[in-house]
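Note sheet for the following structure.
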Amino acid sequence: MRPGRRKSWLRKGTLSTGDLPKRIGSATSQSSAIINDRLQELVKLFKERTEKVKEKLTDPDVTSDDESPSPAPTAPPPPPPGEVPPGDKAAGDEHYCEMLCCAFKCRPWLDRLKSYQFPSSIDPLTNLMYVLWLFFVVLAWNWNCWLIPVRWAFPYQTPSNIHFWLLVDYLCDLIYLLDVIVFQTRLQFVRGGDIISDKKAMKENYLHSQRFKMDVVCLLPLDFFYFKVGVNPLLRFPRCLKYMAFFEFNNRLEAILSKAYIYRVIRTTAYLLYSLHVNSCLYYWASAYEGLGSTTWVYDGEGNSYIRCYYWAVKTLITIGGLPDPKTLFEIVFQLLNYFTGVFAFSVMIGQMRDVVGAATAGQTYYRSCMDSTIKYMNFYKIPKTVQNRVKTWYEYTWHSQGMLDESELLVQLPDKMRLDIAIDVNYNIVSKVALFQGCDRQMIFDMLKRLRSVVYLPNDYVCKKGEIGREMYIIQAGQVQVLGGPDGKTVLVTLKAGSVFGEISLLAAGGGNRRTANVVAHGFANLFILDKKDLNEILVHYPESQKLLRKKAKKMLKNNNKPKDVKGQPGSPLIIPPKADTPKLFQAALAAMGKAGGKGRLAHLRWKLQELKAMQTAQVSVGRSEIRLLCGVMSGCITTGARENQPLRPSFCFSPRVTAEEPLKAP
């Protein structure tokens with residue numbers, strides 16, 4: 001062999017011999033990693049399947065992982081033939097009015113008036129249109145009550161303005177007549193617990209009532225005597241007997257006002273002013289009867305007659321003194337009656353005003369008394385000032401934010417149905433969003449709403465602490481709370497705002513989940529709704545299906561919270577088949593030198609060992625593939641057992657894996 005060819009052959013042999021350990025190490029590590037990933041996935045699937053089967057065996061209530069199906073939305077019924085759909089009808093009725101540079105979408109008021117239909121029956125308790133009508137009736141009644149005495153006593157009604165007085169009088173009579181014919185005959189009433197809305201029955205009920213008799217007396221046509229005695233305002237005195245409409249208007253208006261005590265104060269003040277008004281009219285009549293300016297007691301006829309007589313009436317009714325002494329017997333009797341009437345009327349007015357103001361401030365008085373009693377208690381036991389200041393702050397914030405100290409006190413007297421309606425309007429939108437209660441019985445949620453109680457937390461107050469037993473669920477109504485954690489327990493993990501819910505898993509105490517896992521602190525003032533575990537258990541007794549669903553959800557939520565996050569390639573994760581380490585570079589250089597030496601000596605023996613190791617790794621890869629096929633066969637149910645009882649299990653594969661390996665080389 002020529003030297004050049006031998007060198008080229010040695011050079012080729014050196015390259016192939018040096019690349020051999022690299023190729024063996026890379027192939028072995030790559031195949032080991034693939035097998036390890038696949039086996040980890042299979043083990044994970046087996047574990048999940050085993051946990052599901054175990055859960056079904058231990059808890060027979062668990063049926064599936066799916067939640068209760070929500071009902072599909074029902075399609076609206078098709079419109080009858082020949083009728084325009086509501087959307088098209090609304091689009092057709094749109095009317096655009098252009099004003100200046102803007103276009104406004106509206107319907108003409110004339111079309112609204114034409115399309116309006118007067119109701120066949122009126123609910124006197126809730127119909128606001130009826131309350132508005134009563135306002136006009138009371139306005140007409142006040143015209144008669146205030147101005148009939150003035151027109152009778154003072155010379156304000158003259159032939160020059162008589163037409164104005166008669167026009168307003170007959171307008172008030174028209175309002176009285178419309179009230180009798182149109183409104184009072186359409187009022188619903190209760191008979192035997194049923195609301196009667198039949199036209200004939202409503203009309204008969206009004207005709208047989210005491211109010212109809214008073215309305216007839218009010219509308220007596222005494223005005224025909226004008227032709228004989230002249231326009232005398234006293235003939236219209238029966239119009240003042242429509243007082244029942246006035247008291248009904250008071251009741252209806254107080255029912256719809258948010259601060260009814262303000263109207264009560266105004267009404268009581270009007271009572272006092274009206275009594276002074278009537279007394280001033282009587283004083284002017286007595287002065288005219290005795291003769292204006294005839295004595296020092298009567299009105300002398302100077303200045304504004306009404307203002308001066310009203311001033312005299314105020315001094316008389318309030319009995320502040322400084323009045324001239326009466327001279328005649330008529331004046332003495334009139335003055336005595338004035339004094340007696342004034343003392344009685346004024347005392348009644350003052351007492352009624354006291355009751356009105358006391359009722360308006362009853363809540364604040366109760367709040368002050370509770371706060372004073374608490375402060376007295378804390379001072380007696382020498383409570384630290386910091387605690388006392390926090391208690392005072394809680395009282396003040398609770399009163400100013402809610403207007404009361406305990407909301408449940410107002411709802412105790414209401415029946416369950418009304419309490420439920422109020423609770424639904426206040427809390428249902430929040431509770432229905434809680435993941436734990438989704439899919440539960442709707443009636444169970446309604447019963448749960450009635451058990452919620454409101455609690456106010458001050459800034460930096462601990463709502464719950466880590467490690468304590470959880471017996472409540474919290475719903476944030478107003479304010480914010482912070483979840484604290486970290487090594488020092490002061491790191492803000494998350495901030496929960498209004499509408500958030502926490503502590504719901506602790507209600508069911510599933511799997512030891514009744515321990516708090518973090519500290520929750522109020523960030524500022526926070527108003528929370530609290531549901532006790534005891535109340536929830538009393539409710540779930542009547543709803544077994546919801547109890548099963550809640551138990552299942554609580555376990556699932558607790559498992560998800562406690563499950564560690566798996567990170568692919570995380571250091572420290574166990575490997576089923578650890579990869580082989582690559583061949584060291586020094587050993588590769590020695591193999592290369594051995595190849596140049598001609599394949600003799602100790603290095604040649606190491607080369608033979610390395611090739612034998614390669615064959616063993618190839619066999620290991622084949623065995624690993626066979627194990628994967630074996631596991632797949634187990635999953636697909638291809639393993640069969642022996643026919644006899646005492647015969648040991650014998651696997652029968654659906655396929656026959658062929659394991660091949662290179663034969664070990666003989667040592668030189």
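Any Cβ shown, glycine's included, is placed from N, Cα and C.
When the ranges 1-29, 552-580 are checked against TrEMBL, the one recorded as region 'Disordered' is 1-29. When pLDDT is averaged over the domain 'Cyclic nucleotide-binding' (436-540), the result is 84. Non-local neighbours of the transmembrane segment (162-183) in the same chain are 118, 122, 130, 133, 136-137, 140-141, 143-144, 151, 212, 215, 218-219, 231, 236, 239, 242, 245; each lies 6+ residues outside the stretch with a CB under 8 Å from one of its CB atoms.
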